Amino acid sequence: MDQLVIFDTTLRDGEQSPGATMTGDEKVRIAQQLERLGVDVIEAGFAAASVGDFLAIQRISSLVKESTVCSLSRAVERDIERAGEAIKGAARKRIHTFIATSPIHMEMKLHMTPDQVVERAVKAVKLAREYTDDVEFSAEDASRSDPAFLARICEEAIKAGATTINLPDTVGYAIPELFGQFILDIRTRVPNSDKAIWSVHCHDDLGMATANSLSGVLVGGARQLECTINGLGERAGNCALEEVVMAVKTRPDYFKLETRINTKELVPTSKLVSSVTGFPVQPNKAIVGANAFAHASGIHQDGVIKARQTYEIMRAEDVGWSKDRIVLGKLSGRNAFKQRIQELGIPVTSEVEINEAFLRFKDLADKKSEIFDEDIQSLFAPSGSHPMNNYYGFVSLDQKSETGERPHAKVVMTEGGGEITTEAYGNGPIDAVFKAIEAHVKSGARLDLYSVNAITGTSEAIGDVVVRLSCDGRVVNGVGADPDIIAASAKAYIAALNKLKKADPVNAQIGAVPTP
Ligand SMILES: CC(=O)SCCNC(=O)CCNC(=O)[C@H](O)C(C)(C)COP(=O)(O)OP(=O)(O)OC[C@H]1O[C@@H](n2cnc3c(N)ncnc32)[C@H](O)[C@@H]1OP(=O)(O)O
Ligand SMILES: CC(C)C(=O)C(=O)O
C-alpha cells in the first residue's frame, strides 16, 4: 500500500482561526501530542510573523524528534531566512514557501505579473534549499488558477528544488468531482511531476474540505494531505485530520493507502486542542464528537447489542474513546487516576504534576459523585493547570441574586502574587462577576463571546465556560471549568485576561518582520 503523508497545520493555519491564538507553551504541548499521534509533518507556525512564533517553532524543533518540523514563509527572502533559523535545530526540517497564482490574487493583491510570480517562486525555493533539502512550494489559490500557468510554476518550482508541491483550495471553492481531476490534470501537464510529492490543502467554506482532499488523493494522485485537528483553521476551517485518516483506514478497499497515525491518539489530541483553544467540539462531529459512537434509538440499540457492525463502521476504542468502565470518584486512588490520565493521552511530565492534579481531582470528587473523562481533562485545562505561571488567579467568589434585586458579586483573586478583593453589581450574575473583575483589572477588553456547556451528562455536570475577549486588535479565548457555572465563568474570564496580559510574544502578533 502507498504511504499517505499527513501534514498537520493546527499550529499554523489552525491558529489563524480568530480566538485560537496559542501561547508558546501551549504550542509546544500540542506539538508533542501531534508527535505522539504520529503526524509526518508539523507545521509549527510562521516564523516571520512574530518573535513569539519564531521562538515557539525553535522550541518545537529542539523537542520533536519523530515528525518533521516545518515553518511557513512567503516567497520573501527575510521570511525564508527566519524560517530557516527557526527550524535549524530540528532532527527533520522543512521550509514551506508559497505565493499566490490565481489572476485575482496576482493582480489585486500581489500587484505582480505572472512572470514576476514565477521568478519569485523560483528564487524562494532556491533560497529555502540552502537551509534544508526538504522544501515545499504552495501555489496559493491554486483551485482558481489558470491550469497552464499553474503547471508552469510547479514545473519551475520542482526544477528549483521543491520536493513537495501543494495545490491549495485556499477559499474552499472546489467541488470534489472536479478537484481530483484538476490535480490530475496539473500533474499530467508537469513533465518533472514525479520528482515531487503532490499535496492538497482544502478549506471548508462550503463544507467540502474532507471530500475535496480525498478526491485530490483518489483521483488526483496526491500523496500528502494538509489538515488540522478538529478542522480548526482560517474562516470555516481546514480539512479535519481525524476525518481523512479514519476514511482511509476504514475503507482500505477503496483508498489502498496507509498512514503512520496512531488512531488511538485522535480523541486525546482533539480534546487537548479544544481545551487549549477554547473551541468546543460539536457533539455530532465525526470521529471526535461526544455522540460519534452513541446510540440513542431503540432499533439502533437493539442492532448494536446483537452485532455491533450493524450500526458501527469503526470501533470507538480505535480512535481513542475509553471503553474502561472504572468509575472515578472520591474513593478512587492515585493508580486508577494515573491510568485514566494515560488513556486520555494527557501529557504530564512529572510525579509532582500528577500529585497536584490528584489533589484537584479529590477536591472535585468531593463536589461530584462521579468523575467523567471530560472532568479529568478539565483538571489539566490551561486555566487551571499552571496557576503559578499566570498573572491573575481565581481564589473565590461570593455572588448573590435575588428576585427584584440587582445581582452582586464579590471576587477574590490573585494579581502578580498578591491577593485582592473586588466587587460590583451587574445585570445578571455573570455580568456582576465580570464587572467585579473589571472594576479592578480595567483591561478595556470587549466581551465577544460567552458560552457555557455542561461537559458531562447529568445535573451534577461540570460547567465548561468559554469567554472570548478582544483588545487592541487581539482576540483571545479563555476556558474555565467548575461544577458551579458562575465560578467557571470567573475562571474563564480570568484565563482570557491572562492570555491578554501574558508577555509571551506568541500572543503579541506585532513586531512583525518588515517585508524587504
Ligand atoms: C492562505 C494563507 O493562509 S497564507 C498565511 C496567512 N497567515 C498570515 O498572514 C499570518 C502571519 N502574517 C503576518 O504576521 C504578516 O502578515 C507578515 C509578517 C507575514 C507580513 O506583514 P507586513 O509586512 O506588515 O505585510 P501585510 O501583512 O500588511 O501585507 C502582506 C504583504 O506581503 C505580500 N505577500 C502576500 N503573500 C505573499 C507571498 N506569498 N510572497 C510574497 N509576498 C507576499 C502582500 O502582497 C503584501 O505586500 P505589500 O505590503 O507590498 O502590499
Ligand atoms: C499557505 C497555503 C498553504 C494556505 O494556507 C492556503 O492556501 O490556504
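Note that Cβ sites are derived from N, Cα and C of the backbone, with glycine treated the same way.
For the Mn(2+) site, TrEMBL gives Asp13, His201, His203; the one candidate out of Asn238, Asn262, Asn284 that the record lists there too is Asn238. For His201 (Mn(2+) binding site), the number of other Cβ atoms no farther than 10 Å from its own Cβ, over all displayed protein chains, is 30.
Taken residue by residue with DSSP, Asp13 (Mn(2+) binding site) is part of neither helix nor strand, so it is coil. As a summary of secondary structure, the region 'Regulatory domain' (393-516) carries 30 helix, 51 strand, 43 coil according to DSSP. Taken residue by residue with DSSP, His203 (Mn(2+) binding site) is part of a strand.
The binding-site residues near ligand 2, defined by a Cβ under 6 Å from one of its atoms, are Asp13, His201, chosen from Asp13, His201, Asn238.
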